[in-house]
């Protein structure tokens, strides 16, 4: 048996923060899960011990308490879908049937009054979530939330096809899949709701703003893969993970794959920091708040990842760090060799050109 991997402290230049009502929110989310009977009794019993309310409180440390609670319930609901149907349920091996279920759930999210799936706990929970999204968000934010949920569902069906076939995608396909099946993009509208504003399309749809949101998703999901590798590798079922993809594609040992994954996420973290700081200098107060929330999302996922029993697995402890470092292992400005995301680094050249255009030409004597 190969020696157990030890995850070193990961690079994080972002400060830790948490909502002061985190303990109350965690209790409320556990009660919400019981009220709507999310997942099987066994799964629900696990989810309510995983500090999901605390995770939400780390994502929105200064947000409206009602939205922090909404986000916590939504994250738990997502785990009810992912753990209950995709990862551990039979539908996770039947992509066609899984697509049918998820398509029906999307209809419930779009039109909660539709008389369908009325005895389904996940549908009931989703109806409650949709009503609360309507209460705290605008019509545009609600529409983007539903659209992002569809993206998430689409990606987990793709993953289910690999699970059924027992195949591992290449790194580019895995990266593209992971940007969505980590359910990070579906959280983004709630970052705005949590602070009572709506980022306007002229800023939200800018290439650079979209890119930093994708970078945040990459960092969060790569970190999740690093933290969950111990649990997933020790399990008996099929699993997809960045380390496994790197092992297969590049012929690496688990230790080498861990080093490669850390290098990749460090390089993206450095790029995220540079581009988000540039955007903050020229953006509206709403954009600056959005960028701050992306940072909180990244750091919140990190702090939750090294502390939740979901990943520390006390019965079979993982060798996880208890702190983070402010020194990256890789601060190169060269693009990652992943076509789906290599264009992110084009933003550095675009910013340099923008700076040159702003510098007045020197007149000759």
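In case you wondered, yes, glycine gets a Cβ from its N, Cα and C as well.
Listed in sequence order, 72, 75, 300, 301, 304, 308 are the same-chain residues at least 6 apart in sequence whose CB falls under 8 Å from the CB of residue 55 (site 'Plays a critical role in the stabilization of intermediate cation'). Marked as site 'Plays a critical role in the stabilization of intermediate cation' by Swiss-Prot on the basis of experimental evidence: 55 (among others).
Annotation comment: Swiss-Prot describes 79 (among others) as site 'Plays a critical role in the stabilization of intermediate cation', evidence class experimental evidence. DSSP assigns residue 79 (site 'Plays a critical role in the stabilization of intermediate cation') to a helical segment in the three-state reduction. Over all protein chains present, the Cβ of residue 79 (site 'Plays a critical role in the stabilization of intermediate cation') has 22 other Cβ atoms lying within 10 Å.
Here the motif 'DDXXXE motif' (82-87) has long-range neighbours at 39-40, 43, 46-47, 98, 101, 122, 156, 159-160, 183, 237, meaning same-chain residues at least 6 beyond its ends whose C-beta is under 8 angstroms from one of its own. Annotated motif 'DDXXXE motif' per Swiss-Prot: 82-87, in sequence order.
Summarising the annotation, Swiss-Prot assigns Mg(2+) 1 binding site to 82, 87. The number of other Cβ atoms within 10 Å of the Cβ belonging to residue 82 (Mg(2+) 1 binding site), over all protein chains shown, comes to 19.
Sequence-distant contacts (6 or more apart, same chain, Cβ under 8 Å) of residue 83 (site 'Plays a critical role for substrate recognition') comprise 39, 43, 46, 47. Annotated site 'Plays a critical role for substrate recognition' per Swiss-Prot: 83 (among others), in sequence order, evidence recorded as experimental evidence.
The Cβ of residue 87 (Mg(2+) 1 binding site) has 20 neighbouring Cβ atoms from other residues within 10 Å, across all protein chains displayed. Annotated Mg(2+) 2 binding site per Swiss-Prot: 87, in sequence order.
If you look up Swiss-Prot, you'll see 159 (among others) marked as site 'Plays a critical role for substrate recognition', on the strength of experimental evidence. Around residue 159 (site 'Plays a critical role for substrate recognition'), the same-chain residues at least 6 positions away in sequence with a Cβ under 8 Å from its Cβ are 86, 177, 181, 240.
In the three-state DSSP reading, residue 231 (substrate binding site) counts as helix. Residues or ranges marked as substrate binding site by Swiss-Prot: 178, 231, 310, 311.
Applying an 8 A CB threshold to same-chain residues 6+ apart, the list for residue 228 (Mg(2+) 3 binding site) reads 241, 305, 310, 311. For 224, 228, 232, the entry in Swiss-Prot reads Mg(2+) 3 binding site, with the evidence type experimental evidence.
Sequence-ordered, the extra residues of this chain that approach the Mg(2+) 3 site, with Cβ no more than 8 Å from the Cβ center of 224, 228, 232, are 225, 226, 227, 229, 231, 239, 241, 311.
Residue 87 (Mg(2+) 1 binding site) falls within a helical segment according to DSSP.
Counting every protein chain shown, the Cβ of residue 231 (substrate binding site) has 16 other Cβ atoms within 10 Å. The sparsest Cβ neighbourhood within 10 Å, among the listed binding-site residues (178, 310), is found at 310.
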